[in-house]
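> Got these off TrEMBL a minute ago, pasting:
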- H116: active site, proton acceptor (ACT_SITE)
- A22, T26, F33, R34, Q98, I100, D101, H116, S187, S188, N212, A230: NAD(+) binding site (BINDING)
- F33, I100, D101: nicotinamide binding site (BINDING)
- C124, C127, C149, C151: Zn(2+) binding site (BINDING)
- 1-247: domain 'Deacetylase sirtuin-type' (DOMAIN)
Amino acid sequence: MECKRIADLLLSSAYAIAFTGAGISTASGIPDFRGPNGLWKKYPQELSSVEYFSKDPKGFWEFFGFRMRSLFEARPNPAHIALAELERMGLVKAVITQNIDGLHQSAGSVNVIELHGTVKRSYCSSCYKQYDSREVLKKLDSRENPPRCACGGVIRPDVVLFGEPVAKIQEAIEIAYESDLVIVVGSSLTVYPANLIPQIVKQRGGSLVIVNMEETPLDPIADVVSRERAEVELDCVLKEVKARVNA
């Protein structure tokens, strides 16, 4: 456990941020992507590509509807809750996430940048009308596949599909330039351009903490590396910080 060292860095930082990937949500019952039991070990990535959505929207929704439903059923775990509490205490200024599950907000985090969008929203690919994704699931339940807008356009989830640009990367980069500490949680740090975020913080003289069960390419330059499960390490960090603040 590295929670004492992580707490040291947090309490001495002026602008700490968290950068989270799929590994933070595995304790909520959501499989990660590239781990031993990852989603892309079971299904081809093409099923979540913009090309596949355009070519076969029915097939796309057969896969994504199932995935969307499982994400809606998930609940935040102690790792999400710890980050939300650290934000409330003023110690974590922002959460930049690669996840689309909305669990950071469910846990109470406010300043969340969702690099890859959110499963909670959908929109028409023709007229861009916004939909609550629960409405889309109802359409799928009533065998309307692909789900369609009143204009006749096919509805799609408000997420970044493979083959699409990451819309919020510039906002995330600007936050990284402000930061003097980034805590990476549950990310393999292999996806570009998202993996630029921790590199920017480190290159500008900040500290880098990595909490991930597998090795990452940035481990050699990290100040602290923990192989502990995210929910265990972050819960320990929160308790350590609270003990010191209240001492």
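Quick reminder: no glycine exception, Cβ is built from N, Cα and C everywhere.
Can you tell me where each of these features sits in this structure?
Under DSSP, H116 (active site, proton acceptor) is assigned to coil, being neither helix nor strand in the three-state scheme. Taking the Cβ of H116 (active site, proton acceptor) as reference, residues of its chain lying under 8 Å away and at least six apart in sequence are, in sequence order, T97, Q98, N99, I100, V159, V160, V166.
Taking the Cβ of I100 (nicotinamide binding site) as centre and 10 Å as the limit, one finds 24 other Cβ atoms among all the protein chains shown. In the three-state DSSP assignment, the secondary structure recorded for I100 (nicotinamide binding site) is coil.
Mapped onto three states, the DSSP output places C124 (Zn(2+) binding site) in strand.
Within the model, the domain 'Deacetylase sirtuin-type' (1-247) carries an average pLDDT of 93.
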> Quick one: of the binding-site residues C124, C127, C149, C151, which has its CA closest to the CA of S187 (NAD(+) binding site)?
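When the Cα distances are compared, C124 comes out closest.
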> Taking every protein chain in this structure into account, which of the binding-site residues A22, C124, C127, C149, C151 has the most other Cβ atoms within 10 Å of its Cβ?
A22
